[in-house]
Amino acid sequence: MSAALLAAEAARTGTGEAVTFWVLAVVVVLGALGVIGSPKAVYSAVFLAMTMIILAVFYVMQGALFLGVVQIVVYTGAVMMLFLFVLMLIGVDSSESLVETIRGQRVLGTALGAGFAVLLIAAIGHASLVSTGTAGPPELSDQSIRALAELIFVDYLWAFELTGALLITATLGAMILAHRQRLTPKPGQRELSIRRFADGGRATPLPPPGVFARNNAVDVPALEPDGTPSAQSVNALLSPRDLSTSSRSEGGGTRSEGGGTRSEGGGSRSEGGGTRSEGGGTRSEGGGTRSEGDRSRSEGRGSRSEPKSSGSEPEGSRSELDGDGGGA
């Protein structure tokens with residue numbers, strides 16, 4: 001009898017309603033799989049909202065317009081949006097799910113899920129269809145809406161009001177946690193300027209080395225606008241250097257390094273006791289004498305003499321003596 005009633009009710013379903021049901025049923029199943037398989041919690045919330053909206057469409061297809069509107073307004077519009085706001089406020093990321101906070105929770109969850117699946121399969125296997133004794137579903141009227149209103153606003157009034165107060169408290173708490181009010185007012189440009197000059201220190205930045213100077217060395221002090229050197233521009237850790245022991249004259253061709261004398265312009269160089277003449281072709285180091293060529297060249301005093309070579313020594317002569325005195 002019950003099977004015949006179910007077959008008769010299924011036969012009365014229109015083609016459009018059946019197509020809509022099967023298409024949306026597939027979408028609902030995919031949305032449910034997306035809820036449990038999404039890598040991020042925000043994506044799971046979006047899939048859950050999609051599933052709830054399709055359930056509201058099912059209610060409307062069955063003629064329960066009030067339940068469909070409540071499903072969209074309350075579950076999708078309020079609860080799910082609040083859930084999304086909490087996720088965005090806390091900042092839950094997929095990387096947090098990779099860290100196991102409670103050791104062994106995966107094993108325990110798998111065991112509980114398997115046990116629940118076994119109990120569900122056993123309950124469905126032993127279930128039986130019992131006829132209600134009616135030829136079809138009752139006619140829809142306003143009695144169901146009135147009965148639902150009596151349950152909410154008469155029988156369960158305090159529970160409904162406490163639930164609303166709990167939701168409002170959670171919303172206000174999230175707003176307070178998200179908004180941080182400064183204990184002191186934010187200082188402006190005027191307050192920062194007064195604070196900078198109040199301690200009596202230097203308000204302006206220190207001048208860098210080499211500013212308004214002819215040298216950019218770190219030990220050269222910068223010049224103030226009036227031309228005086230600024231002692232604060234040179235680091236105090238730099239040791240003072242005495243430049244009087246070393247003098248260099250590039251114009252005249254003389255350089256003194258330690259005890260040696262070097263003449264770059266005149267062509268003579270003396271380092272430690274040796275004498276070197278680069279221009280005239282004579283070199284004396286320590287006590288030896290070296291003569292290169294038969295010509296003499298003097299560049300130290302601005303005169304140059306290049307006599308003609310003799311025919312007896314066309315290729316020049318070279319003598320090297322290792323004596324301690326002089327050599328020719």
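Backbone N, Cα and C define each Cβ position, glycine as well.
Model, not experiment: these values are computed from the prediction.
If you check TrEMBL, you get these features:
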- 250-290: compositional bias 'Gly residues' (COMPBIAS)
- 291-307: compositional bias 'Basic and acidic residues' (COMPBIAS)
- 220-328: region 'Disordered' (REGION)
- 19-36: transmembrane segment (TRANSMEM)
- 41-60: transmembrane segment (TRANSMEM)
- 66-90: transmembrane segment (TRANSMEM)
- 111-136: transmembrane segment (TRANSMEM)
- 156-178: transmembrane segment (TRANSMEM)
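Beyond the ends of the transmembrane segment (66-90), by six or more residues, the same chain brings 41-42, 45-46, 48-49, 52-53, 55-57, 59-60, 144-145, 148, 167, 170-171, 174, 177-178 to within a C-beta distance below 8 angstroms of the stretch. Note on the transmembrane segment (156-178): residues 78, 82, 85-86, 89 of its chain, located 6 or more positions outside it, place their CB under 8 angstroms from a CB of the stretch.
For the transmembrane segment (41-60), same-chain residues at least 6 beyond its ends with a Cβ under 8 Å from one of its own Cβ atoms are 20-21, 24, 27-28, 31-32, 34-35, 67-69, 71-72, 75-76, 80, 83-84, 87-88, 92, 94.
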